[in-house]
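A.B. asks: Got a structure here, written out as structure tokens. Questions coming.
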Amino acid sequence: MTEPVAAEVGRDFIRDIIQADLDQAKYREIVTRFPPEPNGYLHIGHAKSIALNFGIAQEFPGRCHLRFDDTNPVKEEQEYIDSIQADVHWLGFDWGKNLFFASDYFDRLYEWAETLIRDGLAYVDDQTQEEIRTSRGTLTEPGKNSPFRDRSVDENLDLFRRMKAGEFPNGARVLRAKIDMAAGNINLRDPVLYRILHAHHPRTGNAWCIYPSYDYAHGQSDAIEGITHSICTLEFEDHRPLYDWFIEKLPVPSKPHQYEFARLNLTYTLLSKRVLTQLVREGHVAGWDDPRMPTMAGMRRRGVPPAALREFVKRIGVAKANSVVDVGMLEFCIREELNRTAQRRMAVLKPLKVVIENYPEGQTEELEAINHPDDPSAGTRKITFGRELYIEQDDFMENPPKKFFRLSPGNEVRLRYAYFVKCTGVIKNESGEVVELRCTYDPATRGGNAPDGRKVKATMHWLSAAASKPAEIRIYNQLFANPSPDASNFAADLNPQSLEILSNARVEASVAESNSTEPMQFERQGYFVRDKDSTPGKPVFSRTIGLRDTFAKEVAKG
């Protein structure tokens, strides 16, 4: 299990409210909660809520509950419950013994529903879902009372108990709160509290065939658990009067209060569950953990460090108004963390063979390479140098422009940790493509410096042809080419270059043979992580992020 991390202390309007509540001795302990519905995978927007709620509980201190809002058995699966718990732990937080489910409270919620009926505050409605929707009115027109609104308490209790007993089919009846069909806030126009749903529940089995609505279950679950600050995103602001109405009318054991903050919106990103589901179902991505997905599973597979996500959430802060955050800020946080923690290795993504003609045939030597330039404790490793090497295709040009300083005919460059080499010949295939270079090396320049003081303007990475291993490299870019993709027609904004697969790459032998899932920097290329699709003899590495933002520049150029 992941060790809990220390919360980053940051000031915002929610923390200011909590501090004021503590200063006034309003609460002895702060209790927050993260309440996901187990009907899908968490995404980066949820990471903001997780870090906020768990961070507050650590900072003040207090406790944060993980509570699953499992009130819709048709959409909920154990797979999602497991993945959500794994995501919270991966992000660096732990709920300890405070794991709860809304279904834990089904009996009490039912009893309180009967309380509302007895108090004349709820009734059974026989209207269809469409009739209820139509009769609620609009923002400018009041709703119309249901013809069943004035049923007696006894009749409502009888019908509600028969609903619970399973006498009626799905959709035949609902239980509604009796509030005000002319209320300016449509959420107060007799909202549905219970609906009939004959479906197997992951935890309660077939014990229930009526299920509470989110609006009814949510606040009462908070009250049962002693939540002091119920923090949610802005789309629930209009639901707060209903939240408070239930708390006021029912004999709940505590009086929580709801606070709203701005949800996370990112450029080049859509977080709608509908869109993410379509992306998976329609085959635009290879599953919920596809590294292009904004899901936490996708980011974890891509090698994004959880510390980078926590830092990103800290930087964007907690606000009252919605805004769009440039994805470049997230990428900056990822690069900063990986630059600090990732060990360095060498990989050649598009190999071009080099033969060092004056290097003895059959001879090899071991050179020392540093694992991290800023962390001496990371140590060094041995890399093999020999007569035949690989360099990047892009590091050679036969007819280079004026400011191209890498390898070209007659030009000398430094091979990192090795020697100066000079290109003396070019071999092409029948199509005129360069397939091999002939070079010479200067034995006196071992380690990268010339005794005579001559300088070179380029240092290139390389690999031994004999000592390196084949690998598949997956270069991921933004899933959408449009910085503001259209959720209603997202397919039109998909980036056709979001994935490039390089099947003939080469990596250091130790990299190919290691099963480590820690991200590493392939020097001059970017940060990469071993993918779960790796097989014996054919490792697969996914790019977490490049060393610099090139995608935005390509988009700008059109």
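Note: Cβ is positioned from N, Cα and C throughout, glycine not excepted.
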A.B. asks: Ranges 36-46, 212-222, 443-453, 509-519: which does Swiss-Prot label motif ''HIGH' region'?
C.D. replies: 36-46
A.B. asks: In Swiss-Prot, which of 265-269, 270-274, 310-314, 425-429 is labelled motif ''KMSKS' region'?
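C.D. replies: Of the candidate stretches, Swiss-Prot labels 270-274 as motif ''KMSKS' region'.
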A.B. asks: Taking residues 6+ outside the motif ''HIGH' region' (36-46), which of them lie with a CB under 8 Å of any CB in it?
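C.D. replies: Those are 68-72, 75-78, 80-81, 83-84, 87, 202, 214, 263-264, 266, 269, 271, 273, 276-277, 288-289, 293-297, 299, 309, 330, in sequence order.
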A.B. asks: Helix, strand or coil at T233 (ATP binding site), per DSSP?
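C.D. replies: DSSP call for T233 (ATP binding site): strand.
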A.B. asks: Could you please provide the mean pLDDT value for the motif ''HIGH' region' (36-46)?
C.D. replies: 95
A.B. asks: If I restrict to non-local contacts, at least six residues apart, and a C-beta distance under 8 angstroms, what lies near H46 (ATP binding site) in its own chain?
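C.D. replies: Correct list: F34, P36, D87, M296.
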A.B. asks: Under a three-state reading of DSSP, tell me whether S272 (ATP binding site) is helix, strand or coil.
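C.D. replies: SS state of S272 (ATP binding site) = coil.
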